């Protein structure tokens, strides 16, 4: 990783230099952030690092630290490492693979940073604590023009970032295997989640997003995170959407299983998996993401016809918008330091935004695919009352096989999701590549 990071920081130095020159700035100060206190409490929420800090300094536990960059000299990290007996004192990672790319200053008191900040009015501040920035003399605080430039750069990953996301596949896949086994052993959602965390060597505090561990109809809740503590004696289906992080970079993987491998629902899962690989094989640099989402909606329409859920032609099902009730989310999203990574709608460094079309309000990416973009491919098929009820009260209701839908509602839904990186010749499936290395893939 050392060589890849050297190339990564070299590229970012050039980006910073361009940002400073175009915005007439002499330097950039980035604060990593601090844990927030709960209201009227002395307990904090888990610390979540400023992604712009993590972009330059791949150490996501670096709380209350600072970076200074001028685009020319080696960046300086001001690492906060106080003496403490209440908590485990932070240890500066001065022997890490990235350490040689920085000048180091160790701070034992957070107030010390003030003496290092020279001429703050000629610099910009990026961070959450705007009051802190003002108290230190900054007047250019999170300027949108600077953020836009950073966000757009973040949407095109370096080889270091791609490797980190690839490495994050392994822990997640090990967790998925353990969760699958726990489901087929009849464990509860709570126990399945524990199995995932143990196998992936994570805790609920450092997973990239709240694990979605859903049995039966809970799969119809897209972001279900409640967890039943008691086993379900009539388990029919299991959906798990869970990832891991390496150096702050996330994986985001989803699988669905049928309790009865010979059921029609199991056949639907298999078909959705085939659609996933099929659409990944079609991904091409320069083509807009919306076109692939539209293709997926058309395939959902085909499934609704093929499995006799809707008694219209696939073309009619798509044109009438019926498929949207069964696939309400987007095909996927950019992936990186944030699970829903920056600049999914941003079309250029200036910040021009292209919102999703009205018919697909949940689409998270309206970009043309570009080389070294990392995205999720997230296909879904659900039985959600909130979306089906309007159809039941519409003129289209007579074309829908409500008896069969009622039979399938207890399954909740299907989601399957892999992580891919765009290359000049097409998409590279990072999840499948890791599955093959772990000898988990049968595709």
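Using the three backbone atoms N, Cα and C, a Cβ is placed for every residue, glycine included.
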Of the candidates 241, 260, the one that Swiss-Prot places in the Mn(2+) 2 site of 252, 417:
241
Taking Swiss-Prot at its word that 252, 378, 417 bind Mn(2+) 1, choose the one of 218, 223, 333, 399 listed for that site.
333
Taking the mean position of the Cβ atoms of 252, 333, 378, 417 as the Mn(2+) 1 site, which residues outside that list, in the same chain, have a Cβ no more than 8 Å away, listed in sequence order?
241, 254, 332, 335, 375, 376, 377, 419
In whole Å, note down how far the CA of residue 333 (Mn(2+) 1 binding site) lies from the CA of residue 252 (Mn(2+) 2 binding site).
10
In sequence order, which residues at least six apart in the same chain have a CB under 8 Å from the CB of residue 378 (Mn(2+) 1 binding site)?
252, 254, 329, 330, 331, 332, 333, 415, 416, 417
Sequence gap of 6 or more, C-beta under 8 Å: which same-chain residues meet both conditions with respect to residue 241 (Mn(2+) 2 binding site)?
211, 212, 252, 253, 254, 415, 417
Is residue 417 (Mn(2+) 2 binding site) helix, strand or coil when read with DSSP?
strand
